[in-house]
Amino acid sequence: MIYEGKAITVKALESGIVELKFDLKGESVNKFNRLTLNELRQAVDAIRADASVKGVIVRSGKDVFIVGADITEFVDNFKLPEAELVAGNLEANRIFNAFEDLEVPTVAAINGIALGGGLEMCLAADYRVMSTSARIGLPEVKLGIYPGFGGTVRLPRLIGSDNAIEWIAAGKENRAEDALKVGAVDAVVAPELLLAGALDLIKRAISGELDYKAKRQPKLEKLKLNAIEQMMAFETAKGFVAGQAGPNYPAPVEAIKSIQKAANFGRDKALEVEAAGFAKLAKTSVAESLIGLFLNDQELKRKAKAHDEIAHDVKQAAVLGAGIMGGGIAYQSAVKGTPILMKDIREEAIQLGLNEASKLLGNRVEKGRLTPAKMAEALNAIRPTLSYGDFANVDIVVEAVVENPKVKQAVLAEVEGQVKDDAILASNTSTISINLLAKALKRPENFVGMHFFNPVHMMPLVEVIRGEKSSDVAVATTVAYAKKMGKNPIVVNDCPGFLVNRVLFPYFGGFAKLVSAGVDFVRIDKVMEKFGWPMGPAYLMDVVGIDTGHHGRDVMAEGFPDRMKDERRSAVDALYEANRLGQKNGKGFYAYETDKRGKPKKVFDATVLDVLKPIVFEQREVTDEDIINWMMVPLCLETVRCLEDGIVETAAEADMGLVYGIGFPPFRGGALRYIDSIGVAEFVALADQYADLGPLYHPTAKLREMAKNGQRFFN
């Protein structure tokens, strides 16, 4: 053994060839943390000191290569002054440089995934051989930063600036064949031949058949582009990427600027440019929010995994109610491998559901994400039925009938008598109390809510609602099934609107107040889209459906009359009464035309102003900042109440629910992190400025206490 640590070992393989193996003890994956970096330095020193070493193969002792840097250490590191961050990155890069500068050839054998620092380690090697099943990429832009261990320096010099910009700015994982095509790897082999492939490359380099020094040299030099080529490549890329990323996500464009600035430098000076830009991004609020989201997502996954121990295996599912929603649920279950019965009382609804599933599967085939054979397999896994004949062996039933408590109670009671005693019943309701629906059941312990968001195939969130009598097994089984469907489940307790809709309707309430105060809804949409929402509140209402919003508003007003009941007519009332229901019937706040792709396109329709005129009670002058606060303050305060009321267990789950469920701007991190970014005391003072607008704007006593004590939701 040449070197042995807790994360890295170096040992002889054969005739002067050594293996530098990453295998971080006590962890399921390899990652770059302080320990790993320190051991890499020691391992490289040990290799350099051993005259018998003729070549080095870098590989992993786990199912994946290296997943990147340890994000938990980012939180502490990014609090350091900018100069210390730069120094830390340069120190890490000296370790990578020392490996790259070894006097012997090096080969990285890539299995599983090599992301971020994992790929940057591979780029420091002379050659890379990749398993056919492996994936590589530099996803740092998704955290509001860019690669900091040499990725913006080595990758452009290896695969060309255009390809490197595409890889870095997109932050996607890349398949082996794509990596080989652009020259990011030198060979692709079957997983079982990975070590043999690496040995073949290293032996050819040792023998002189391959010139490893010539292979290494371009990574040490400036980019091979003249001034005109640089201007064309970088300026065009910056314009395109800025348009794609938008103004709230600076990292992709900053990565291009770093590559451009370092283009005429050799490796060491170029790495200094990279480190300086990395440190600047690391200190932004965007990076703080996106890293916070990543950590929150990891927390969600840990909590969901904790349910696995007692969850029952779902081998056969069923959905009650076909149509678009039922078809979407059936598609998601089938395409992820769980066969599902789709029942309705009407043949036309069954056909609508099957058509929806078939359309979604067809779209995946067209995009190359599914083979025709797999499409046929998924379609065969959806069994339409008009009866309960095959329900005896169903493990979970998702009820997705009309949003009416009496109808849902009747259907749930009926199906309960058709399934085995331990089958789970789950209602896909968006607002109706789970405790109320449970009253119709003989086995309420087997009943939960399972709230999918529309469209099912696109929205990542599923709210799993625990009723007063829901058993831990019922909750755990539903969480496990949601995960199996490829969704991110969050467990919430029962209340009107649960988490997401309870928080969303105060936001809509703020919007209604603005319209009643004479503020142009088109202006409101523009302001909130600029704030970061994927669509403004008027457009969102049209997409959701004015009738759906009207019904949901009434449910919330009944549940929380002290702050959500408004005696005055609102914009939603006026549109509902005028039968302007949004996209579904072509007119809501906006009118809708069909574009060339057959998609609805919104256009301004002046006739809506006459519909809204009776509900405008004043003409108040408001700034864009006022518009944001009228809407965001009640949303944030209701999120605080959900946490305080125990509807959601943690701040992480609350924020992720809003990001995944309603498109809360990710770069702002979620409602509670948004409060943190303002400062709890400052947010309370801000809310107090709008106290005259009603109880939705009144901070809770506990939040005032947090403000007084200087507390935050996230440390």
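Every residue gets a Cβ built from N, Cα and C, even glycine.
Residues Asn501, Tyr660 are recorded by Swiss-Prot as substrate binders, and the candidate that the same record lists for that site, out of Asp200, Asp211, Asp268, Asp297, is Asp297. When Swiss-Prot records Met325, Val401, Val402, Glu403, Lys408, Ser430, Asn454 as binding NAD(+), the matching candidate from Asp308, Asp313, Asp344, Asp472 it lists for that site is Asp344. Here the candidates are the recorded positions Glu140, Glu403, Asn454, and by Cα distance the one nearest Asp297 (substrate binding site) turns out to be Glu140. It is Asn454, among the binding-site residues Ser430, Asn454, Asn501, whose Cβ has the fewest other Cβ atoms within 10 Å in the structure shown. Long-range Cβ proximity for Met325 (NAD(+) binding site), meaning a same-chain Cβ under 8 A and a gap of 6 or more residues, is found for Ala400, Asn428, Phe452, Asn454, Val456. In the three-state DSSP assignment, the secondary structure recorded for Ser430 (NAD(+) binding site) is coil. Among the residues Met325, Asp344, Val401, Val402, Glu403, Lys408, Ser430, Asn454 said to bind NAD(+), no two Cα atoms are farther apart than 20 Å. Nearest Cα neighbour of Lys408 (NAD(+) binding site) among the listed recorded positions (Glu120, His451, Asn501): His451. Glu140 (site 'Important for catalytic activity') is 32 Å away from Asn501 (substrate binding site) when you measure Cα to Cα.
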